[in-house]
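Enquirer: Encoded as structure tokens, here's the structure I'll be asking about.
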């Protein structure tokens, strides 16, 4: 039995979707549970050459043997949830998903408030998905819960009970975190942050398990960190420099161009300490050095690629166990058992 939490080590967009999908296929967890804020964070999952952009359904959906869960701590937009369940019909998501009946519900009024609030939309760079205003209502105890919404009633249940029972039965459980540690309401670059905490301890609470149940925390870092929206970015490079390096990306939810920077070892060390990270996953190593593209054996990485990994391990103090060298699941180096 292993309970693994995957967290973003930067400002989101680290490539958690790819790492989560790989772990779900490799480790075959019985439950893949989603923690985090809500539908304000997007993940892109590629299956057999087809890309799926999702915001509510856990990114481990390609593993058709696993139950998919959305924890009580996750804000749920029924419209987005139902749309994604239909989009992923061939993966039988509708029969496998369990949404906690205590989850908070995002309504149209929350989205309208999010988009019309000048402070949120212009100064902070909110995604406009209604999460901030919904969390305000939750704090005021006026927010609807999943049990109050008929359209999703057939998907509702007790996620905490399901996850704890799976762990007690000796099954593997994977908990997906969203966004990134540096967007945490408590530990990020306030006020340019999201509307709740985005670290491992909070993700565990989101799905209803205690801290002693957690075995592994995988912190995901992109070789070139990116950020959408406003806020400090200590190692940010110019847009022209990013273009020269071939690093041009756009946000899954907002469509806005991502700001790009160089790897920040000091911030990475703080993030790993904050999350109690037991291992690191590095994504987009092929963007750092194109000679690393598609490599699946660590020893066959270029010297430049190996030097990057070694520097991360030495300066951050946590072992790099997973390395993504391309968008496909098989384009992954896994040294967890070495």
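Positions of Cβ are set from backbone N, Cα and C atoms, glycine also.
Copying in the features that Swiss-Prot gives for the protein in this structure:
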- 13: active site, proton acceptor (ACT_SITE)
- 43: active site, proton donor (ACT_SITE)
- 12-18, 42-44, 258, 284-286, 324-326: GTP binding site (BINDING)
- 13, 14, 15, 16, 40, 41, 42, 43, 127, 141, 179, 194, 256: IMP binding site (BINDING)
- 13, 42: Mg(2+) binding site (BINDING)
- 252, 253, 254, 255, 256, 257, 258: substrate binding site (BINDING)
Enquirer: Tell me, how many other CB atoms lie within 10 A of the CB of residue 18 (GTP binding site), whichever protein chain they belong to?
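Expert: Step by step: centre on the Cβ of residue 18 (GTP binding site), count other Cβ atoms within 10 Å, giving 26.
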Enquirer: Drop a 10 Å sphere on every Cβ of the binding-site residues 40, 44, 179 and tell me which sphere holds the fewest other Cβ atoms.
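Expert: Selected from the binding-site residues 40, 44, 179 on minimum Cβ neighbours within 10 Å: 44.
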Enquirer: If you measure from the Cα of residue 42 (IMP binding site), which of the binding-site residues 12, 18, 257 is the nearest?
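Expert: It is 12, whose Cα lies nearest.
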Enquirer: How many other Cβ atoms are found within 10 Å of the Cβ atom of residue 256 (IMP binding site), counting all protein chains shown?
Expert: 13
Enquirer: Determine, to the nearest whole angstrom, how far the Cα atom of residue 179 (IMP binding site) is from the Cα atom of residue 258 (substrate binding site).
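Expert: Between the alpha carbons of residue 179 (IMP binding site) and residue 258 (substrate binding site) there are 14 Å.
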Enquirer: Are there any residues in the same chain, six or more apart in sequence, whose C-beta is under 8 angstroms from the C-beta of residue 325 (GTP binding site), and if so which?
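Expert: Same-chain residues close to residue 325 (GTP binding site) (Cβ under 8 Å, separated by 6 or more) are 285, 286, 292, 293, 294, 295, 296, 301, 331, 332, 333.
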Enquirer: Quick check for the class: what is the C-alpha distance, in angstrom and rounded, between residue 12 (GTP binding site) and the residue listed as 'active site, proton donor'?
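Expert: With the alpha carbons as reference points, the distance is 10 Å.
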Enquirer: Given the binding-site residues 15, 18, 255, 257, 258, which one's Cα is the least distant from that of residue 40 (IMP binding site)?
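Expert: Nearest candidate: 255.
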